[in-house]
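Scroll down for the structure; my scribbles are underneath it.
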Amino acid sequence: MKPLVCSFIVILLILLPTTISHDYSDALTKSILFFEGQRSGYLPREQRMTWRHNSALNDGKNLNVDLVGGYYDAGDNIKFHFPMAFTTTMLAWSAIDFGSYMSPADLRDNLVALRWGSNYLLKTVSQLPNRIFVQVGEPTPDHQCWERPEDMDTPRTAYALEAPKPASDLAGEIAAALAAASIAFKRFDPRYSKLLLDNALRTFEYADSHRGSYTNNPETKLAVCPFYCSVNGYEDELLWGAAWLRRATGKDSYIKYLVENRQSFGSDSNYFEFGWDNKVGGVNVLVAKEVFEKNVAAIAPYKDTAEKLMCSFFLETPGAHMSYSPGGLLYKPGSSQLQNTVALSFLLLTYANYLSKSSQQPLQILSTTPLWYLTQRIANIVGFEKVDYILGDNPMKMSYMIGYGNRYPRQIHHRGASSPSITTHPTPVKCSEGWNSFSSPNPDPNVLVGAVIGGPNIDDKFVGGRTNASETEPTTYINAPFVGLLAYFKANPV
């Protein structure tokens, strides 16, 4: 097959920008620590973010089920299971492919963060094949209040779907998360790994048997939308779940599934997207690993589409490609910009890592003389620029990781960080009272160390402030892939 050629502006790739030196080890440790600030439920004695305390201890009570635990997705107090599952998948992928670059302490903490998510996801599928749990908390009342998690008195309604109502996207992502986590824990805790895999298998069976989107069900749509509607459909999560189960089990039946459903499920559509809603980019990169390692010809089209994604990082390529801000930030429209930057950069580095370890010909990315190819170093340079932009090498000279460096936003859109801790202010802060903290001109009393926030706009401008949620709200699904990127650059600085 003739190699796919992607032309681009060479100077962007072969000349490194003048940057300050960053402490990737410190950033990595902090990016994992962030997850302790998002914990829900009973907090352990070894909790390092001591301004956080137990919260939401009756979750699931309205359905007579234990749904205590898990993560709050962002700056509010809702547990949305769809993005939580994606977060868990990416924490697992970071551990699987980049755990060898982490220190023993960082790898341990990453696995602790992963287990916190996977333990909770096991609860969400504990009643399959009859019922799957979708979410805990009512967004409208929650968003009408500004309450720290420890005090919240808004309804903690748990939502569930009964079979045969469809939930392919939610169940497919949970299956992917549990399968990926089973791989991450296989060496450290084989019994737990098997438990995760067994549940991944039956969750995927539910996803495939009851096809359709979980947000198409009236009883959950009003609770989930517009926050985490499955806009991209459910088919990508079925491919995503199958790809992770193939990697976890090695079974050829998942190869067959991927081959039979590739076109009808849209693996070559919107291939330059990756995040909590759209898994197409991730599917193609993950399946490409099979082609590199085992030369499975039947799934080679996934690798071909992954190549198109890689080419889209370079501006003068034919067809769709990424957009960049004047300061070099990979930019896609959305409510939280850096989630796109981090997730897509993760795929670039991961694909190049797979390619560099294979015997296959590198991807040709320039057709002039001399020829240039997508090598590990080229990917490193591109990924390095995006990581360093987040850490402070940007026109604002601002670190978008809270607690990293000397200049980072002191006010973020986060209830727990902006409210006084119950350690210093044990009196409950009620719904309307909390808005005093929201509108305070003072810095947040609690530093949510390691949180990567939404970030700047397409012109590299950053206004900040608690009212500007798109710029200052952190999310778990930004940090999860960032863990892998930081681990790699800690061991392989450009």
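Glycine too: its Cβ is placed from the backbone N, Cα and C atoms.
Taken from Swiss-Prot, the feature signal peptide applies to 1-21, supported by sequence analysis.
Look at Swiss-Prot and you will find ASP76 tagged as active site, nucleophile. ASP76 (active site, nucleophile) counts 25 other C-beta atoms within 10 Å of its own C-beta, drawing on all protein chains shown. In the three-state DSSP assignment, the secondary structure recorded for ASP76 (active site, nucleophile) is coil.
According to DSSP, HIS413 (active site) sits in a coil region rather than a helix or strand. Taken from Swiss-Prot, the feature active site covers HIS413 (among others), and the record attributes it to sequence analysis.
When other Cβ atoms within 10 Å of the Cβ of ASN468 (N-linked glycosylation site) are tallied across all protein chains shown, the result is 17. Taken from Swiss-Prot, the feature N-linked glycosylation site covers ASN468.
Annotation source Swiss-Prot lists active site at GLU473 (among others). The DSSP secondary structure for GLU473 (active site) is coil.
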Within its own chain, what residues at least 6 apart in sequence put their Cβ under 8 Å from the Cβ of HIS413 (active site), listed in sequence order?
GLY75, ILE453, ARG466, THR467, ASN468, ALA469, THR472, GLU473
For GLU473 (active site), just count the other CB atoms lying within 10 A of its CB, please.
21
